[in-house]
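A short write-up of the structure that comes next.
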Amino acid sequence: MAMLLRVATQRLSPWRSFCSRGSQGGLSQDFVEALKAVVGSPHVSTASAVREQHGHDESMHRCQPPDAVVWPQNVDQVSRVASLCYNQGVPIIPFGTGTGVEGGVCAVQGGVCINLTHMDQITELNTEDFSVVVEPGVTRKALNTHLRDSGLWFPVDPGADASLCGMAATGASGTNAVRYGTMRDNVINLEVVLPDGRLLHTAGRGRHYRKSAAGYNLTGLFVGSEGTLGIITSTTLRLHPAPEATVAATCAFPSVQAAVDSTVQILQAAVPVARIEFLDDVMMDACNRHSKLNCPVAPTLFLEFHGSQQTLAEQLQRTEAITQDNGGSHFSWAKEAEKRNELWAARHNAWYAALALSPGSKAYSTDVCVPISRLPEILVETKEEIKASKLTGAIVGHVGDGNFHCILLVDPDDAEEQRRVKAFAENLGRRALALGGTCTGEHGIGLGKRQLLQEEVGPVGVETMRQLKNTLDPRGLMNPGKVL
């Protein structure tokens with residue numbers, strides 16, 4: 001063990017061909033003891049149940065557990081664990097809250113899962129500069145609770161109460177993206193432990209400026225890297241003023257086409273909508289049952305507006321007129337916080353509502369994003385393909401920026417149905433690419449969309465990504481098997 005600890009302090013050492021792995025494929029006892037010496041015995045586990053828990057996310061991808069799970073308490077421990085793994089050729093899998101849906105935490109080659117949830121401090125708040133620095137265990141809800149009396153908030157809202165550093169790692173988005181942008185637009189700086197244990201501050205240590213023309217955009221490189229380039233141990237985020245007033249609304253439509261046409265026209269009219277979400281008839285039926293709503297079972301838009309009382313009245317008037325021109329009905333306002341929260345809770349619980357439609361089934365979720373002008377076309381075609389494939393599925397999405405999700409229900413014991421679901425997801429990704437879009441707007445590539453990534457960015461794009469990966473992670477130890 002002493003030798004392993006000495007090696008962990010070195011920056012470069014000969015490739016050891018997984019010499020720390022025992023003869024049965026797990027980690028050697030000496031290596032496990034070395035991990036305990038870094039983070040403490042209570043913060044290392046090789047128990048089967050713990051490893052299984054950390055070997056999967058919310059996806060249906062066939063996943064493998066790591067060989068060990070560690071809970072570092074600070075960035076120095078993360079650096080030392082990474083260095084130890086790097087020098088011993090052991091794969092590293094960062095873990096936040098495990099709410100991803102593309103198999104991003106699956107340990108395809110075993111290795112060490114670094115659970116970052118014990119690092120849960122908000123280390124700096126700069127209200128005058130509209131920025132905050134958080135550790136990887138801080139979730140979106142925890143941050144906004146902390147900000148409640150500051151007049152500021154962090155709006156990126158993927159639904160699940162994900163960790164903010166995990167959201168940065170996956171390039172997450174959410175219901176507010178149409179107004180406030182995605183994680184790519186709201187991350188100012190990152191602290192990253194590189195695979196060999198070195199510490200990188202992507203915009204410079206302690207910097208939280210709004211813009212810079214200094215060199216390459218290293219922050220942008222790591223946002224959306226899905227744990228394949230390094231371990232994000234801190235993120236500096238852009239905050240926004242909390243809105244003076246908020247109003248939500250719902251409106252039902254006679255068809256998918258009418259609902260999406262309204263979306264496009266609302267955006268073209270420059271209505272500064274904060275959220276505009278589409279739910280198809282299947283999803284509305286599920287939400288009515290699961291969340292005790294009383295909405296028409298029809299294609300529906302959920303909307304939210306932020307601003308002053310005066311501007312909100314104007315926004316609602318213009319939006320209602322547009323929806324009526326497209327056959328919209330049952331236009332309902334929700335001004336009280338309790339009613340708004342009920343509405344958005346139903347939207348965020350769409351995954352569980354869909355699952356309740358078919359007890360015993362598993363849910364498979366996939367997402368794409370297309371230019372707004374092609375959104376009506378792809379949504380109508382996707383709805384038709386779900387029916388043609390004889391699958392049970394719902395469509396829900398952040399249509400204000402062209403992004404939507406399909407939640408498909410699958411019998412886990414029906415191999416043929418699983419094959420049809422996989423074929424549907426691949427067809428949807430290729431349909432989005434054919435329309436000038438992307439195979440994923442916010443879920444990421446993970447395990448399931450690596451082939452589609454190659455089709456999206458082309459051979460030169462993939463090779464450039466591979467060269468970047470090889471430069472930062474020459475031993476291929478950071479979350480192997482993902483993205484590339």
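Any Cβ shown, glycine's included, is placed from N, Cα and C.
Keep in mind the model is a prediction, meaning the values are calculated, not measured.
These come from Swiss-Prot:
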{"type": "TRANSIT", "residues": "1-52", "note": "transit peptide"}
{"type": "MOD_RES", "residues": "Lys36", "note": "N6-acetyllysine"}
{"type": "DOMAIN", "residues": "62-242", "note": "domain 'FAD-binding PCMH-type'"}
{"type": "MOD_RES", "residues": "Lys292", "note": "N6-acetyllysine"}
{"type": "MOD_RES", "residues": "Lys335", "note": "N6-acetyllysine"}
{"type": "MOD_RES", "residues": "Lys335", "note": "N6-succinyllysine"}
{"type": "MOD_RES", "residues": "Lys422", "note": "N6-acetyllysine"}
{"type": "MOD_RES", "residues": "Lys449", "note": "N6-acetyllysine"}
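Recorded features from Swiss-Prot, shown on the structure.
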residue: Lys36; record: N6-acetyllysine; Cβ contacts under 8 Å, 6 or more apart: His43, Val44
residue: Lys292; record: N6-acetyllysine; Cβ contacts under 8 Å, 6 or more apart: none
residue: Lys335; record: N6-acetyllysine; Cβ contacts under 8 Å, 6 or more apart: Val247, Ala248
residue: Lys422; record: N6-acetyllysine; Cβ contacts under 8 Å, 6 or more apart: none
residue: Lys449; record: N6-acetyllysine; Cβ contacts under 8 Å, 6 or more apart: Glu102, Gly429, Cys439, Thr440
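Taken together, the residues in the domain 'FAD-binding PCMH-type' (62-242) have a mean pLDDT of 96 on the 0 to 100 scale.
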